[in-house]
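In what follows, a single structure is set out as structure tokens and then discussed.
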Amino acid sequence: MFARVFKAMPARASALTSVNASIQARFMATVRQQRTAHERATFTIRDGPIFHGKSFGARTNISGEAVFTTSLVGYPESLTDPSYRGQILVFTQPLIGNYGVPSAERDQHGLLKYFESPNLQAAGVVVADVAEQYSHWTAVESLGEWCAREGVPAISGVDTRAIVTYLREQGSSLARITVGEEYDADQDEAFTDPEQIHLVRQVSTKAPFHVSAADPQCHVAVIDCGVKENILRSLVSRGASITVFPFDYPIHKVAHHFDGVFISNGPGDPTHCQETTYHLRRLMETSQVPIFGICLGHQLLALAAGARTIKLKYGNRAHNIPALDLSTGRCHITSQNHGYAVDASTLPSDWKPYFVNLNDSSNEGMIHKSRPIFSTQFHPEAKGGPLDSSYLFDIYIDSVKKYKASQAAFHPQRDSLPSPLLVDLLAKERVGVQPTIGMQNIAAAATAAAAAA
């Protein structure tokens, strides 16, 4: 009996091998058919090299600032990060798209679980190779399908190492992606410089909205310059109910209704946000409220304090950048995405550097010497990326709670005080957590919820 079984095994193995080979052949034929169906695309750097490849996104032409990221994972988060607004993102990772694109599922707070904003923010995508067959339990579509649906052109089959080498040596440059067209050297007007555009105005919420914590212990005002969903989640998950305001909202006029103020990340040149800088300066002059800023928020806080910002040659965009905590001597691996930095030598005497970049010695944070105000250039919320510095949110929330306790004698009913809105409420906001409600309605909603419970 066993002899017959063992004798039959080679034949069965041979048949199984034949079936596997047939399946593999059909799979590869499908891949080749999909690849050959792609239209020609060109990635052109202004006054620089031209790269030819295949289009796998939207059939449209786009121009912007070409920048690169060395992040190995997290392309859904990177591409939906509002800080990439107006930029053509070049990935150094050789293969992108292998785990597809997840759904727009939301968590218990009503925040997006897998994206940093509802839309794809990058102007264009450049990769060496794109995975057309994806596999992940959260995936609902391919990277190419997502780019096409969002109207974002994407190109594959180009030498990204050569592109990054050029950008590293020459600096971030204007570039464009053209689909199905030849490059015309005389059409320089086709290059659009996003630095000349007020990008923050495009990505900031148009009206205030509120996100409640499950067990609210404090109330934080968030200045939205292009805030990432995981920043909001990092605050709410620590017991902070938040009200998110447009970037140009006069926050100093309503700060007395809040226990803390947070300044978010965002795209572009910080000097474009003059209204925000002015309001922050007035806030620090008129209030002792704790303040925390991240990325662009760090730069805006520095400008409000009287420091200057500089444009970096090619920026820092990665998930593995070392930043040294100057107060403890500890080194953190950080996630970063910025093209500007604070000139630490211009900090006023009542401020001091908090973190420093160990790669290029650029400033990575600052802290006030006597007040609960600090900021970081890197992203402590880091999705995707390392969480070495996520404790900074704990430090901030602790200072917010202490401030709230210190104000209890002066404002015993702080949580129920209405706060007048100084802008018209619109029906649609960037994050879309819930229908926009005025601050004057938040207390009523909270009272109704408590009565129902």
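Start at 1 and count along the chain as shown; that gives each residue its number.
Cβ from N, Cα, C; glycine included.
Quick caveat, the model's predicted, so the values are computed rather than measured.
For 1-28, the entry in Swiss-Prot reads transit peptide.
Annotation source Swiss-Prot lists domain 'Glutamine amidotransferase type-1' at 219-406, citing sequence analysis.
The active site, nucleophile annotation in Swiss-Prot covers CYS295 and rests on sequence analysis. Taking Cβ-Cβ distances under 8 Å and a sequence separation of 6 or more, the neighbours of CYS295 (active site, nucleophile) in its chain are SER83, SER264, ASN265, GLY266, ASN337, HIS338, THR376, GLN377, PHE378, HIS379.
DSSP assigns HIS379 (active site) to a strand. The active site annotation in Swiss-Prot covers HIS379 (among others).
Annotation comment: Swiss-Prot describes GLU381 (among others) as active site. Its Cβ placed at the centre, GLU381 (active site) has 23 other Cβ atoms within 10 Å.
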Cβ atoms near HIS379 (active site) (within 10 Å, other residues, all chains):
26
